[in-house]
């Protein structure tokens, strides 16, 4: 699909179809009622505007729920530019609704990798009143792509030769080509970006892993808040969100009956736990694969068979990767699977499945069934179905997590952005987690919507436990 591009003195966007804005706005109105935490924060800060005129770049799935986040950031003062963090996850009517309000947004469903990284660059390119191109002061990231691009660009301007090294994947080659182009077209640009950049809040496990790697190498340029490991994110979005959205993606893609099927869930972290529960709830017989003995024991205690992928080949009907690691399902695994097996990923990146190697196989026929559903037929006549090209199945083949659970995640994101800005002179270049009292406050903001009434400690009870009457109620090391 060719995106519709509009550039004016007031706004710019690259989206699929601006005429979808009215539809998007109607769904936004519905979502707002399902996102009590985010809307409460919006109301609380609407007058004080703690992010007034702060330049924020967002790289996060351009869905209806994200549109509510964007409008919250705008309502509390921010100057926002946005791109999606996945080539298939954009809901085009959501992007249109945001573009129609004058917010620069660069996202459409079905981008090429080249288009995706161009959109990421567009989202982080701000123009100062004197015409100088600069970047964001804060970043909302999901998967760490904006963080990666800025760090690699800055390193290139300071002598790095990474862009000249052979690319390990097609996507890495696209990134390197983009950085080379920027070096020619915008000399010194990344230095200007880093000069004003005050922090990033990271949404997902994979992006957090990247942040810790950069920090451990001593190369982290800014303070970072790990939103993913807030309890009200990881134990809700990752677990309960996947519990609902995985089955939604599978059914929209394949109209498959899950009951009675053998389903393999690779990984039993929070995403894996939600995915296994999702499939079990529909009557699937679930097998879990794990490297971690603790997670493996948890899965076993929940009644799941825990085994290796190799032991399931030829008998499993569905495979779901959830690990955040690469090469979980190899091309050899794909060739040995049961005929008509369904393969998908609900971890952040497509390298959990060896998609590039699958596409490079000789004598393999690829048949597109419909958008984000491809059938690969091997020379022996057996076939597999690959969903969303190995990218996030719940967003590529459905609409992602429900609004209510995303309200938890995005309330954390908004609080993290406010915290980064208000403490920009005191935070160090490290990875932080939001404090416990904010985590509890995010949970508290969602209780009334679902009819929950909390018990209140007496002063004697609080003293006995050694906690304040109003909380926080658990130490930081408590595992929920």
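Here, residue 1 is simply the first one shown, and the rest follow in order.
Yeah, the Cβs are placed from backbone N, Cα and C, and that goes for glycine too.
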Identity of the substrate-site residue among 32, 111, 202, 203 (reference: 63, 142, 233, 237, source: Swiss-Prot): 203
Consider the binding-site residues 63, 142, 233, 237 and say which one has the Cα lying nearest the Cα of residue 206 (NAD(+) binding site). 142
Work out the three-state DSSP category of residue 233 (substrate binding site). helix
Residue among binding-site residues 63, 206 with least C-beta crowding, 10 angstrom cut-off: 206
May I ask which of the binding-site residues 204, 267, 290, 348 is closest to residue 233 (substrate binding site) if we compare their C-alpha atoms? 204
What is the separation, in Å, between the Cα atoms of residue 271 (NAD(+) binding site) and residue 142 (substrate binding site)? 15
Site extent for substrate, whole Å (max Cα pair distance, 63, 142, 203, 233, 237): 17
